[in-house]
Amino acid sequence: MAVSGFEGFEKRLELHFSGDDPIIRMGGLRQLDFESIEEILNAVQCTVVSAVGNQYFDSYVLSESSLFVYSTKIIIKTCGTTQLLKSILPLIQFTSELGFMMSECRYTRGNFIFPKSQPYPHTNFNDEIFYLQQQLPIHLCYRKASVMPSKFISHSWHVFTACNEESNNDLFTVEVCMTELDRVLARKFFKHPNMASNEMTEVTGISDINPNALICDFVFDPCGYSMNGIDGDRYSTIHVTPEDGFSYASYECVGSIYDDPNDIINILKKVVQVFRPGTMSISTTSTTNEVWTRIAKAVEPLGMKCRSCTMDDFPSTGSVVFQTFTSCRK
Amino acid sequence: MAEGGQVFGVHTVDEWHQHLQKGIDNKKLLVVDFTASWCGPCKFIAPFLAELAKKIPTVTFLKVDVDELKSVATDWAVEAMPTFMFIKEGKIVDKVVGAKKDELQQTIAKHISSTSSA
C-alpha cells in the first residue's frame, strides 16, 4: 500500500427537514441561494464542478464527490480530507432562515485507507460522534452510533443517526464501496488529451448501469471520475479514484421498496462488471428486509463471495445491513 | 433586439419567434439557456454564461425560463435544467444538458469555427 495517497472513502451526511407546506411547494430547500451553498461547501473545503437539476431535485458534482438538494432533504457526500461535518452549522443556519427545522440526521462512512491524514473532527469515529452530538439540535433526541464490523480491517461501516420522531419511509439507500479495482478497468479512468467526460461515461460502461438516468459527469486531471445520475426523483452517484495501490470506487443509489426487486439486482450486477473489485462492501438502509436479502443473489453469480453480513437497527432510519464480498480471483 | 455582449431574457412566445427568425436572417449561432428560478445549478452557471456572452459578441445568448415559457420548453423537450440548445438557422445543432463549464465553452467553440469555415 502507498504511504499516502488520495482518500477515496467518502463521508456521507443525509439531513431531513420539516417546514410549512407553502415553502415546500415553492421548492423548499432548493431556494437556498448559490452563495449559501458555496459557503456550506467552503466550510467542508470543496467546490462545485458541474451540476444539473430537474423538477424533483438539484444535483451537484463536487471537487470531492456530490451534493443533492431536495425540497426537504439534503445529501452531501465528500471524500479526501474534506471536513464534511463542518457543513452542519451553516446548514442549520441557512435552512432555519428559510423556515426549516431539522428532523433527521444520518451520517455514514467506511474505513479510511489513510486515517492519519484526516483532519478534526474526522480524526476518529469517537471525535466525529462527539462533534455531531454537539452540533445537532437537541430536539433530535433519538440518537444512536454503531460501528459494524466485517472480516476485513479494511472494510467496516460507521453509522450515526439522530431523529425527533419515528417516521415511515419507503425509500431505501444502497451504498457500495469497492477497493482493489481490476487494473485494466481502472486504467479507463485516466484522462486522455481532449477527452470529453461523457466519453469516459460511455467507454467504462457507466452509462449502461441505468440507461434511463441523465448523467452529469466530470473527469479529473490526470485521473479520477465523478458522476451524478438523475432519473425522476431518484439519484445515483459514482466516484472513482483509479490509482494503483489505493484504487477505490463507490456507487450509491436510492430506490423504493415498492420497485421491481429485479431493478436493484440488475444495477448491482452492472456495477460489479464496470469495476471488478477485489473487495466490496454493500450497505443497505431500509425499513424492510426485501432489499438486502437480494444483494448476495445479485453479485455472487459474478464471482463475488459473501464474507460477512452484519445488521443493526436505528430509530426512524430502519435497518442498516452491511455485507462484504471478495472476488474469487483473490 | 438582442445585440452582442449579454444574455437576453426572452419573456414571450412572440419574442422567442422573433429571436429565432433573426438567427435565421443573420446566420448567427444562438445559445439558449433553458433555466428555472428554483433550479440551483442554473444559478451556479449564470455568471459564467454572462462572462461568455461578454467575451463572444458574435454569438447571441438567450435565456428562457421554463415556467414562464412552458410551451417553448415543452416543444423543445427540456426536462433537466439548465439545458443549453445551440441553434443555427432555426435548427438545433447541439445540446448541452447540465451546468458544465468546459463542455459549454467547447461546444460554442466548435460551432463558431464551423460557421467561419463555412
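A Cβ is built for glycine as well, from the same backbone N, Cα and C atoms used for every other residue.
Those TrEMBL annotations? Automatic predictions, nothing curated.
For A:Phe6, A:Glu64, A:Phe220, A:Glu243, the entry in TrEMBL reads substrate binding site. Residues annotated as pyruvic acid (Ser) in TrEMBL: A:Ser65. Residues annotated as active site, schiff-base intermediate with substrate in TrEMBL: A:Ser65. The feature active site, proton donor is assigned by TrEMBL to A:Cys79. According to TrEMBL, the active site, proton acceptor annotation covers A:Ser226, A:His239.
Shown here: features listed in TrEMBL, placed on the structure.
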residue: A:Phe6; record: substrate binding site; DSSP class: coil
residue: A:Glu64; record: substrate binding site; DSSP class: coil
residue: A:Cys79; record: active site, proton donor; DSSP class: coil
residue: A:Phe220; record: substrate binding site; DSSP class: coil
residue: A:Ser226; record: active site, proton acceptor; DSSP class: strand
residue: A:His239; record: active site, proton acceptor; DSSP class: strand
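Around A:Glu243 (substrate binding site), a 10 Å sphere centred on its CB holds 18 further CB atoms from the protein chains shown. On its own chain, A:Phe220 (substrate binding site) has A:Lys191, A:Ser226 as residues at least 6 apart in sequence with a Cβ closer than 8 Å to its own Cβ. Ranking the recorded positions A:Ser65, A:Cys79, A:His239 by the distance of their Cα atoms from the Cα of A:Phe6 (substrate binding site) places A:Cys79 first. A:Glu243 (substrate binding site) sits 15 Å from A:Cys79 (active site, proton donor), taking the CA atoms of both as reference points. Largest CA to CA distance in the substrate binding set (A:Phe6, A:Glu64, A:Phe220, A:Glu243): 16 Å, whole number. For A:His239 (active site, proton acceptor), the nearest neighbour among the listed recorded positions (A:Glu64, A:Ser65, A:Cys79), judged by C-alpha distance, is A:Ser65. Neighbours of A:His239 (active site, proton acceptor), defined as other CB atoms within 10 A of its CB across all chains, total 27.
Note: the CA-CA distance between A:Cys79 (active site, proton donor) and A:Glu64 (substrate binding site) rounds to 5 Å. Close to the recorded substrate site, the chain also has A:Gly8, A:Cys79, A:Gly80, A:Cys223, A:Gly224, A:Thr241: residues not among A:Phe6, A:Glu64, A:Phe220, A:Glu243 whose Cβ is within 8 Å of the site's Cβ mean position.
Neighbour density for A:Ser226 (active site, proton acceptor): within 10 A of its CB lie 25 other CB atoms from the protein chains shown. Looking at A:Phe6, A:Glu64, A:Ser65, A:Cys79, the recorded positions in this record, the fewest other C-beta atoms within 10 angstroms of the C-beta turn up around A:Phe6.
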